[in-house]
């Protein structure tokens, strides 16, 4: 049994020609999954309630579904092997017959019958080297009745020609059915178009091979799930021949892409019907048709850069358009969807340079919409309502090549924001309109952006965040026909005061303001650029023991040094600290300031920031509830734990000893002989 399994695995790993393929890799996985049933047994997933079976990859195996339908595991002999009485699994190599006699065992008895009726038997029942893609009985039954009747009633011409179109004049095993190849048939040299996908599925003119590599003495049989029809038209030819695609054909012509769809490829063309275009507002459609660049963007969004047959889609996939955009294609039961909201009405119309899927909706890319349309589509209701109530919608719609900063709806509920909007709504909204069209990739640290309201906003780039003032950009930056839309996490309230003026306006910082004046550094604060100031509140002053406060504040220079230790010459807003990332700042006195977040609260050197992001024209202020001095912070922590500084020192010493003992224990265990671990030696 072990020998049989090893032999089969070797046979799959080293196919004829020493090559491997996506299908052979998937088959190898199925063989491994079925080895418990005996040698040369393959495990397949069968869609419940159907005869559809799939060899699957490891990733698909664990999902236990195909197109949202549950699957059950079934076991069969791997290609080329059969069972034997009294032996488990499939230990015997299957005997070879001619193609004519191999067809029934390959699941295509009707094809054998039709071959006999059409006079094909002398060809496929004699020595030679042929490949036959044999439709299953279900495939023949799925033909329209009129077509089926026409074939079987004219066996000497129509049926024979059809069968010849399913045959190649060479033996092509699955490994030789390479992706994108075109193979000449026995019918007038017309081509069959092969796709060999990474998930192991192989299609012929978009019909799936369901039973692969059924070797015969005079060739090989591959069973397929559809009857093939001849392919002679290009993608453009298919469009031109369908009366329901006239609008899309007009779009192709206006964009000047007739030659591309006629000669280049291979592509997957997603063609919306005339009815699909009727769902687009007339003004929007006219604007798109009148703008060559927008028109080309629309068309590019309907052309995939590779052939994707529906049979190869087993779940949700991201596919690339010819412009590099990603577009999802998914299947749910028998429904195939593209772009999230378009349903495929007719699939797998094969052309000489690709395949066409006909859609019930137009896939309008972001780049074909205006900024305002994108804002409405993305649910920026609070922002749009604010523009409307301020009478600025027409002003915004008149802008060209601009950038719109759209805050989260929840940020409009902030009482501070609402208070400012009541007084100066128009100015705040205009400060969210940047006069330039700037993509996210064009923003850089230190950049100054001029708004429609005349304000100059600052750009800050951190390791894991990009912020405009203290509003940080999300991932949803969108490229529109007339500008860019950037989502930000808050409403931008542009500062008008310098750092000292900001402090003086805060009632909880009165003691700090007085101390700054005493230290004589108010002018220094007002003039310094890009300042971050961790400002001790009145509460921080109250926490300091009176004796220490008197001693430290007795000397003006000492006070100035103390306060400069809370200032850094690099501007750090709260949104610049993301997740578990720690940002390091150096104060004006050289003190290291470690800034991080815990439970969405900002800390600096373990001191809590009680209020963050008080923006100033020359920096930002964060209010803290303790002074940034190692001695004072240790005392504060000691006070919270009920220990004095001596107790803390003793605790640290004890912890160091415990760590040392643990380390020595690990080292002894590491050097202990492996055979003596976990049992009594010598017994």
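Quick reminder: no glycine exception, Cβ is built from N, Cα and C everywhere.
Curation does not apply to TrEMBL; its annotations are automatic.
A quick note: this is a predicted structure, and the numbers were derived from the prediction, not measured.
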Matching range for TrEMBL feature annotation, region 'Disordered', among 642-662, 663-683: 663-683
Taking DSSP helix as H, G and I and strand as E and B, the domain 'FAS1' (367-492) has 47 helix, 32 strand, 47 coil
With DSSP, how much of the domain 'EMI' (38-92) is helix, how much strand and how much coil, in residues? 6 helix, 23 strand, 26 coil
Taken over the domain 'FAS1' (232-363), the predicted model's pLDDT averages 94
